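See below for the structure under consideration.
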Amino acid sequence: MSRPSTPLLDKAPTPDRLRALPEQDLPQLAEELRTELIDAVSTTGGHLGAGLGVVELTVALHHVFNTPYDRIIWDVGHQAYPHKILTGRRDRIRTLRQAGGLSGFTKRAESEYDPFGAAHSSTSISAGLGMAVASELSGEKRNVIAVIGDGSMSAGMAYEAMNNAGALDARLIVILNDNDMSIAPPTGAMSAYLARLVSGRTYRSVREAAKQVAQKLPKFLQDKARKSEEYARAFFTGGTLFEELGFYYVGPIDGHNLDHLLPVLKNVRDTQKGPVLIHVVTQKGKGYAPAEAAADKYHGVNKFDVITGKQAKPPANVPSYTKIFGTSLIEEARHDDKIVAVTAAMPTGTGLDLFGEAFPKRVFDVGIAEQHAVTFAAGLASEGYKPFCAIYSTFLQRGYDQVVHDVSIQNLPVRFPIDRAGLVGADGPTHAGSFDTGFLAALPGFVVMAASDEAELRHMVRTAAEYDEGPISFRYPRGDGVGVDLPERGSVLEIGKGRIVREGTKVALLSFGTRLQECLAAAEELGAAGLSTTVADARFAKPLDHDLIRRLAREHEVLVMVEEGAVGGFGSHVLQFLATDGLLDRGLKVRALTLPDIYQDHGKPDAMYAEAGLDRTGIVRTVFAALHRDELGHEALPTPFRA
């Protein structure tokens with residue numbers, strides 16, 4: 001299939017070439033960029049809607065500002081695909097999120113045009129402020145621009161940064177990309193005119209002169225003059241909140257109209273003082289009818305047909321872990337009206353959209369605010385409710401102090417369903433669920449579980465619902481289950497007790513999480529090599545099943561712990577117990593298989609687990625090495641001594 005014709009885009013592979021184009025060519029360039037983006041993402045999948053919404057803004061920014069000397073920071077990074085195309089990466093744009101290809105987010109190691117990496121929300125203003133202050137300290141004259149969506153503005157970190165920027169009076173430009181029209185819609189030509197007016201030097205010079213005059217007036221007249229000016233500007237343009245934080249507010253303006261964007265950006269670029277916020281209103285999915293009609297479905301997409309918009313989805317023979325969690329929680333909530341659910345802006349991603357349909361008054365979406373979500377859940381628990389605070393593993397990191405201080409220390413029974421545990425593939429290291437076992441199992445009194453399959457997940461939902469002695473968590477991966485039979489309702493598991501799923505005599509494989517299937521496959525191969533193998537499902541990283549571990553250690557020559565987490569997690573806790581209990585004193589060969597002590601780049605999950613040695617082959621190889629056997633399982637002969 002031939003690619004679309006893009007003559008202007010072909011002439012502007014980098015921002016310096018883009019800046020050489022006349023302004024009248026920029027609308028056509030934007031259309032070609034949009035066409036290229038749609039075609040590229042149709043072949044790779046990825047985040048489409050947000051990028052389509054900032055095409056004109058991206059063109060305008062790189063045309064007005066001297067990148068990469070001037071810094072542009074894209075919050076989250078979902079909207080950065082057009083930026084990548086315009087900054088020398090067009091030839092690799094069809095490798096997005098593929099192994100060895102471009103990251104789906106901004107990444108410092110990838111390009112000098114990515115001054116700050118991102119993937120989690122609401123970091124851009126803080127990073128931009130740090131860069132702006134560094135520029136001032138160095139005597140530089142560079143511009144620093146942070147582009148942040150209205151969704152990301154729901155996080156407290158954004159306001160902390162703005163409050164600090166206003167106090168420092170730093171020269172920082174924040175562009176609020178309002179793509180849900182959730183703050184204020186543009187008001188047409190009058191809005192554009194006012195935006196140009198108030199962003200210009202003349203207006204700001206007159207304003208500063210008026211302030212100087214006002215300072216000579218009595219205090220009560222100074223206050224009246226200030227309030228009158230603020231009221232007049234707020235009446236026409238909005239932005240009172242941002243002004244109170246110390247920002248000079250400009251907008252709202254149409255983010256798809258280059259005639260509106262360019263003069264405002266130039267005016268702000270040429271301003272030499274203080275933080276400025278430009279309120280730009282855009283439309284997610286702009287210029288592609290299917291994405292405009294269903295923005296939620298085109299936020300993140302699989303490969304799709306450009307003509308029809310139909311996404312290619314592999315047939316699912318079994319339900320996803322996320323869906324199993326959602327349906328299991330609904331079942332428990334039917335039996336217990338104290339069960340409530342909390343999500344931090346991820347109802348669909350966590351399966352709580354299903355719960356919300358069944359119990360709309362018992363689900364709470366608190367926005368991108370994981371810290372608040374955790375403490376809000378703690379408050380619910382303190383009043384006798386049973387909150388399930390469902391957060392991705394990678395995002396739970398953002399609320400860890402609240403987990404410790406507000407939940408764990410007070411021993412409040414908050415339930416933490418932890419989705420996206422382990423590796424997540426195309427989203428790479430920023431979204432990998434590597435650390436939750438380590439940082440939760442370190443907390444006194446915290447119950448930490450991991451589901452080995454979808455039936456176990458159903459049991460753990462029931463167990464968490466019934467457990468009122470303190471905080472409890474259960475982790476599960478992205479993707480579909482393994483196809484085991486599901487009970488109609490989960491059973492209550494005995495806290496701190498695992499299970500034997502295969503009996504053997506020589507080797508013991510102790511799995512925590514969904515690597516259990518790989519352990520069973522490895523046991524088959526080891527058995528074929530004459531090594532009788534036990535496979536156990538730990539279920540709990542805390543409290544550990546001491547009786548099970550003692551049995552495995554005493555009755556086997558080799559013990560291998562396997563988990564989908566970083567060093568310092570389940571395996572470390574088992575080793576600590578083995579050492580303390582004296583179980584290492586008799587020559588037991590122990591190995592702990594974890595994710596490697598690196599941030600693994602994006603790729604296919606199966607390939608990434610193989611790289612980590614957490615697949616069947618890696619487990620078998622580890623056992624053979626412990627027993628001094630070669631890759632075929634034969635006992636290695638000692639190297640002959642030579643004088």
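Cβ atoms here come from the backbone N, Cα and C positions, even for glycine.
Per Swiss-Prot, thiamine diphosphate binding site is recorded for HIS78, ALA119, HIS120, SER121, GLY151, SER152, ASN179, TYR288, GLU370, and the stated evidence type is sequence analysis. Annotation source Swiss-Prot lists Mg(2+) binding site at ASP150, ASN179.
Location within the structure of each feature annotated in Swiss-Prot.
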{"residue": "HIS78", "record": "thiamine diphosphate binding site", "Cβ within 10 Å": "25"}
{"residue": "HIS120", "record": "thiamine diphosphate binding site", "Cβ within 10 Å": "21"}
{"residue": "ASP150", "record": "Mg(2+) binding site", "Cβ within 10 Å": "17"}
{"residue": "GLY151", "record": "thiamine diphosphate binding site", "Cβ within 10 Å": "21"}
{"residue": "ASN179", "record": "thiamine diphosphate binding site", "Cβ within 10 Å": "24"}
{"residue": "GLU370", "record": "thiamine diphosphate binding site", "Cβ within 10 Å": "28"}
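For the pair ASP150 (Mg(2+) binding site) and HIS78 (thiamine diphosphate binding site), the C-alpha distance works out to 13 angstrom. Max Cα-Cα distance over the annotated thiamine diphosphate binders (HIS78, ALA119, HIS120, SER121, GLY151, SER152, ASN179, TYR288, GLU370) is 33 Å. The DSSP secondary structure for GLY151 (thiamine diphosphate binding site) is coil.
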